[in-house]
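First the structure, in the form of structure tokens, and then the observations on it.
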Amino acid sequence: LPLLLEATLLRLGSGSHHPFYNGFYYNHIMNDKGSGQEKVVYFNGARLVVETPKDPVYSSSGTNVTLPCQYHYEPDRESKRKIRIKWSKLRDDYTKEQDVLVAIGKTYVAFGDFQGRAHLHQAGRREASLVVSDVRLQDDGKYRCEVIDGLEDESNVVDLRLQGVVFPYQPPRGQYRLNFHEAERACQEQGAILATFNQLFQAWSEGLDWCNAGWLADGTVQYPIRLPRKPCGGVHLAPGIRSYGPRHRHLHRFDAFCFSSALRGEVFYLDRLAGMTLEEAKQSCQDAGAEIARVGHLYSAWKFLGLDRCDAGWLADGSVRYPIAKPRANCGPEEPGVRSFGFPSKGRFGVFCYKER
């Protein structure tokens, strides 16, 4: 044991280990001149400051967005070293950050899903803004802008929020049948992703009231209540988001809350005099150069394009629904929304088709 302890102390004292890693491998040559001699850098009294907007940046899927980030020194000074910039995306479940882009000077590398979609916007002096093109649903969230000048390392956060719609979803086989991973797939199959808590909260503030619990992207199970009532937590609880907290992602089963953003195409309705079966409906959409719409398509068209149709139609998952933007007699409740007939095994209806532009 004494020999092991001595060897450990010698190894720690040798300085050969890496002290930390935050996304960059730091070279021991700090003057960037490649002279092979280490240079001791002393604090010169100037503080590096990274600034990002305090308010969220809003966008929608399919568009381009710029996440602003600038840096400066207090008091002002010129930096003679190459500035290193790193952008990363914070995860909802607080696990390891997702690398987005790293840059030194004008050279940069983007990672993962951001390859070919992310680059720096450096139009001004000391600007480190990130440009993301063809925004996707999963791009929603918080991003860290990190600036490194020698031994100085400062960062700040930008909140990117996609304008979208949250909708509850349960599969054809009934209520509370999805574990977390099945809920993820179910939303993806409907042209959506699992909603975040912030997205559910925004939907609740806009009027969403739903008494069935559903998975969110962070692995928690929650549901939004505007009108307290006995089956939904009790009449004495205030309105709000009811939470079951984190649940076991394989064993526990609930519904899902899905999130979809603006469409890149259009949703339109087709019908025949005698209606159509589900298979006939799919073929009709194909004949029209489109595909049968998914649930996320219908909600997005209702939310962003004002789609209003009092005729029920098939969707890709086998459900029958119709969107009402202007409530009226014989078209369901007094509130706007997407009405559902469930998953009928028989019957003939029209169909909602989706065609990308």
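Cβ coordinates come from backbone N, Cα and C, glycine included.
Note that TrEMBL annotation is computational and uncurated.
According to TrEMBL, the feature disulfide bond maps to Cys211-Cys232 (among others). Taking a C-beta cut-off of under 8 angstroms and a sequence separation of 6 or more, Cys232 (disulfide bond) has the following same-chain neighbours: Cys211, Tyr223, Ile225, Arg242.
As annotated by TrEMBL, disulfide bond applies to Cys310-Cys331 (among others).
Look at TrEMBL and you will find 47-158 tagged as domain 'Ig-like'.
Residues annotated as domain 'Link' in TrEMBL: 165-260 (among others).
In terms of DSSP secondary structure, the domain 'Link' (266-355) contains 21 helix, 26 strand, 43 coil. Look at TrEMBL and you will find 266-355 (among others) tagged as domain 'Link'.
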Across all the protein chains here, work out how many other Cβ atoms are within 10 Å of the Cβ of Cys331 (disulfide bond).
15
Secondary structure content of the domain 'Ig-like' (47-158), with strand meaning DSSP E or B:
6 helix, 58 strand, 48 coil
Mind checking how the domain 'Link' (165-260) divides into helix, strand and coil residues in DSSP?
22 helix, 30 strand, 44 coil
